[in-house]
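Asks: I have a structure I would like to understand better, so I am pasting it below and will then ask my questions one at a time.
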Amino acid sequence: MIRTHDAGSLRATDAGSTVTLAGWVARRRDHGGVIFVDLRDGSGVAQVVLREEDAHVLRNEYCVRVTGEVTRRPEGNENPELATGEVEVTAEELEVLSEAAPLPLPVDDQIEAGDDVRLRYRYLDLRRSGPASALRLRSAANQIARTVLHERDFLEIETPTLTRSTPEGARDFLVPVRLQPGTWYALPQSPQLFKQLLMVGGMERYYQIARCYRDEDFRADRQPEFTQLDIEMSFVTEDDVIDLGEAIVSRLWRELAGHQITRPIPRITWHEAMARYGSDKPDLRYGVELTELTDYLRGTRFRVFAGAIEAGGYVGAVVMPGGAAQSRKELDGWQDWAKARGAKGLAYVVLDAETGEARGPVAKNLSTEHLAGLADVVGAKPGDAIFFAAGAESRAAQELLGAARVEIARRANLVDESAWAFCWVVDAPMFERVTDREEAGAGGWTAVHHPFTAPNAEWMDRFEEAPDRALAYAYDIVCNGNEIGGGSIRIHRGDVQQRVFDLLGITPEQARDKFGFLLEAFKYGPPPHGGIAFGWDRVCMLLAGADSIREVIAFPKTRGGFDPLTAAPTPITAAQRLEAGVDARPKPEARAQAGTAGPAAPVADPT
């Protein structure tokens, strides 16, 4: 054994004992013939006292082994900021296990470094307490989730990561098959179809911490490879899945964030979330709700609002508390903010702090009658600003106001950063119209989630009558404006599945090609089933108090999908390309077999 104790485990009760420690030189301080070294390992830091002649070669991040006696620090020299701050180790033996070159990245929590440097030297970055504690928290989260699920008799089952390409919204990462030139595997975007097959197979309660891959345009805080806590259950209702989701989340937040979540977690419908917050993942740590003004402003002569109302669209508003104090430049800046989001602008009025009189471009275009009651309708006070959005499409206008709501909360310091606010968003739309014929298929509609999501009871028998209003047994859990998990009850009846395919314009041939193996399995008594998947990177990010999912991933990539550590992705050689069969054309028989399950194999006679 190289060491007898962890550096961070030493306490005053260990005084008088001889220990052997191993770790890195975190800091060195010379004091006239004596050198003090902060020795760091994965458990923490211990102070080691060495003779100068023994330790003069030591530099930061040398890896060393020290044997010595634990003694109490002299009175007045204790360090209350360290768990080991009452003691030190007087070294009797020192062994340099390996030396360290000059550091490209300071291994110091007090010194910030750029993301590119941190990712390029991630192994050094992980020696810092912040990044290291984030990964330890993630490991603890994994263990807690497994404990909750095993308490409920779930099975941890691995599903393939080399599979066939199926449509799930984003592009697949494709892998050429050397032994079958011209054919390709796909890395899974989720274990969705396999976990449903496990339900057909009678596994009933499945989970895995699954690696998933999506070749999508990089935006916001995304990674091309990510992790889900993936769950599926047989013979369950929506309430059963939600109850399990709450059990997992409440245990995680209690043990890792010290926060007791009040259960049941509130539920709001998707349409209510859009109407009140302009988002299907609302941040409930603050108020500032949207107000629809379509009926209130009916009859207005202001062309922007009148045009939207006449088109059967939407006019709404959101209030910025104290917003009237903004300068003209700041108010004009909101127009640039809106245009950056694809809108034409963001109309506004400000209410005089003394008189409450409405001023601004919109005020000049509204009637005295409409202006008189406006503040009461939207809940504004003197000194506030009111922002408006209008459009023939309600959702786009609501989403613009929803984004404004978030920006208002940020600028007006309305967010309690120490608070946790959870909700479920339920009864999501089942379909949405798509104008891209290639994406939508012959039906002109696409599934909001996936084509195996079940309609809710109200729409089960009539979703074809009004696809734009049909609701699904789909549910998302939201924390502080972040969607951290989502799922649905699945279709298990063949007649309902066929009706969905018909609406989506998916022909029997296309269905067999895309989902043949699943449809074949569904001929043999599939149980009612449903599930949920948690975005594990985002869950851990929130628990760690981090600003990006990169902080809780061991070796993350940049926003452009580049890995500064390994310089991946890289070109392949001509020889590799030829051997992998990248340019080969598939044989006709391989194309004919794709996606078909074929006839069922004969069942052996048990006698």
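In case you wondered, yes, glycine gets a Cβ from its N, Cα and C as well.
What you see is a predicted model, and the numbers here were worked out from it, not measured in a lab.
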Asks: Out of Q208, Q223, which does Swiss-Prot tie to the same ATP site as R214, D215, E216, E483, G535, W536, D537, R538?
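Replies: Among the candidates, Swiss-Prot records only Q223 at this ATP site.
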Asks: Do you know which of 98-127, 428-457, 548-577, 578-607 Swiss-Prot annotates as region 'Disordered'?
Replies: 578-607
Asks: Please find, within the list 192-195, 288-291, 376-379, 488-491, the residue stretch that Swiss-Prot describes as region 'Aspartate'.
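Replies: Swiss-Prot lists region 'Aspartate' for residues 192-195.
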Asks: Can you tell which of the recorded positions G76, E216, E483, W536, R538 lies nearest to H449 (L-aspartate binding site) in space, using Cα positions?
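Replies: Going through G76, E216, E483, W536, R538 one by one, the closest to H449 (L-aspartate binding site) is E483.
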Asks: Say you check the Cα of G76 (site 'Important for tRNA non-discrimination') against those of the binding-site residues R214, E216, R538; which is nearest?
Replies: R538
Asks: The region 'Aspartate' (192-195): mean pLDDT?
Replies: 95
Asks: Which of E216, E483 (the binding-site residues) has the most other Cβ atoms within 10 Å?
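Replies: Counting Cβ neighbours within 10 Å, the top one is E483.
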Asks: DSSP on the compositional bias 'Basic and acidic residues' (580-590): how many residues come out helix, how many strand, how many coil?
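Replies: Tallying H, G and I as helix, E and B as strand, the rest coil: 4 helix, 0 strand, 7 coil.
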Asks: Given the recorded positions H31, R214, R490, and counting only Cβ atoms in the protein chains shown, which has the most within 10 Å of its Cβ?
Replies: R490
Asks: Given the binding-site residues H449, W536, R538, which one is most crowded in terms of C-beta atoms within 10 angstroms?
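Replies: The largest 10 Å Cβ neighbour count belongs to W536.
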